[in-house]
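Colleague: Here it is: the structure, laid out below.
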Amino acid sequence: MSTSKSENYLSELRKIIWPIEQYENKKFLPLAFMMFCILLNYSTLRSIKDGFVVTDIGTESISFLKTYIVLPSAVIAMIIYVKLCDILKQENVFYVITSFFLGYFALFAFVLYPYPDLVHPDHKTIESLSLAYPNFKWFIKIVGKWSFASFYTIAELWGTMMLSLLFWQFANQITKIAEAKRFYSMFGLLANLALPVTSVVIGYFLHEKTQIVAEHLKFVPLFVIMITSSFLIILTYRWMNKNVLTDPRLYDPALVKEKKTKAKLSFIESLKMIFTSKYVGYIALLIIAYGVSVNLVEGVWKSKVKELYPTKEAYTIYMGQFQFYQGWVAIAFMLIGSNILRKVSWLTAAMITPLMMFITGAAFFSFIFFDSVIAMNLTGILASSPLTLAVMIGMIQNVLSKGVKYSLFDATKNMAYIPLDKDLRVKGQAAVEVIGGRLGKSGGAIIQSTFFILFPVFGFIEATPYFASIFFIIVILWIFAVKGLNKEYQVLVNKNEK
């Protein structure tokens, strides 16, 4: 009897630690490996792209890149993707897009990065044009370092195309409902484990004592890893098509749930939906407020990181360390987030994100505005300069804001859709994705880039008081939106329970 109990206990423990059945490993492990390779590249690109742009062009250029290059490029990429889907099989679409990224990484690693003087315009010409046309100086500087701008854009597109689109589309296509409940939670943990691995890889290859290549080619080993990783993604995808999709135990198209077509609304239709439904408008405001407030703090923080770590290598190593902490904090929030949601009200859970943003944002901006006071009173005690403390507080703010998003912010946002009737839920969610998604991601960048165009003599140092003011206004509006949405939410919940 005791042996049977012990076996049952071990069986249950195994299901908690590794909920994948033995025969399913043939499907899960290659899928997980594909995701790991995609995320290894994703997190490496995220660390490197800022290092090139911030140190060679300027922190201010990031908002211009996001608004005027990345956003249009994402639209063009989606149009090309749709066209490819019309003329090629889905399997071949995957190969074409992944091969494009692989080809670009090779081009950048062996041509654009090693020979910047050959591919970029004359530095003096760019500087003279910037002085002659100050309102457009950031556009001119971006053109002057166009290869780094292209790398930044490709890095942004990798996450959108490879992870959000191609990987999840493939995973959703071949995964049964019963499998998804076990597979997808494991994917979430794996996703965040890729971040600390990236941090270790970047820290090793960019360390001053590591001399694998010439000093001016320090990033080449990282590019080689990304090229290898991209090649492994293609091989794994090919293997799965040959060995998993032909195994009836693991893939039966008839058993895979038919995907429901999501409601698609135009930009104008989405605006009408948001302005005519107070409930949907509140949800859109939450998403916009989150995206804008994160971008406003992140821009100022990155300008301070550049002051502390002025070289590409030092800056990239620091961003790698940032991702290390972000990965573990995200895992911690994933584990505790569901418990918080079970034990507190919707209002309390939804308030955690804006209050955390307000408190950490206030601490970050305080260390910038009152750096002279801090230098006199706290530097000796804390054995750190005001700049170091500001960068540290900014990193904590960024780590927490991204960690809490996936566990609490997204969960409470999705819970808010549940009490709505089916028509409003489907159309409202589509409207929020169109308006909230676009304005949330690009809103902060639009504010910053417009400010720098109107006031060309300003950099982040001069503009920080204005960005801080906008940040606090946005977060306060966010808090009021949560309160307003909670009232509407409780009315619908009580109505549905009757």
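Cβ atoms here come from the backbone N, Cα and C positions, even for glycine.
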Colleague: Look up the topology recorded in Swiss-Prot and say whether Thr175 and Leu492 end up on a common side of the membrane.
Modeller: yes
Colleague: Please spell out the DSSP helix, strand and coil residue counts for the topological domain 'Extracellular' (206-218).
Modeller: 3 helix, 0 strand, 10 coil
Colleague: Please list residues from the chain of Gly440 (ATP binding site) whose Cβ is under 8 angstroms from its Cβ, counting only those at least six apart in sequence.
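Modeller: Counting only residues 6 or more apart in sequence, the Cβ neighbours of Gly440 (ATP binding site) under 8 Å are Ile287, Ile288, Ala289, Tyr290, Gly291, Val292.
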Colleague: If I count Cβ-Cβ pairs under 8 A between the transmembrane segment (439-459) and each of 34-54, 68-88, 93-113, 148-168, 280-300, which range comes out on top?
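Modeller: Top-ranked stretch among 34-54, 68-88, 93-113, 148-168, 280-300: 280-300.
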Colleague: Given the recorded ATP site (Gly436, Gly437, Arg438, Leu439, Gly440, Lys441, Ser442), which additional residues of the same chain have their Cβ within 8 Å of the Cβ centre, ordered by sequence?
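Modeller: Sorted by sequence, the hits are Ile287, Ile288, Gly291, Ile435, Gly443.
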Colleague: Highest CB neighbour count within 10 A among the recorded positions Cys37, Leu439?
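Modeller: Top count of Cβ atoms within 10 Å goes to Cys37.
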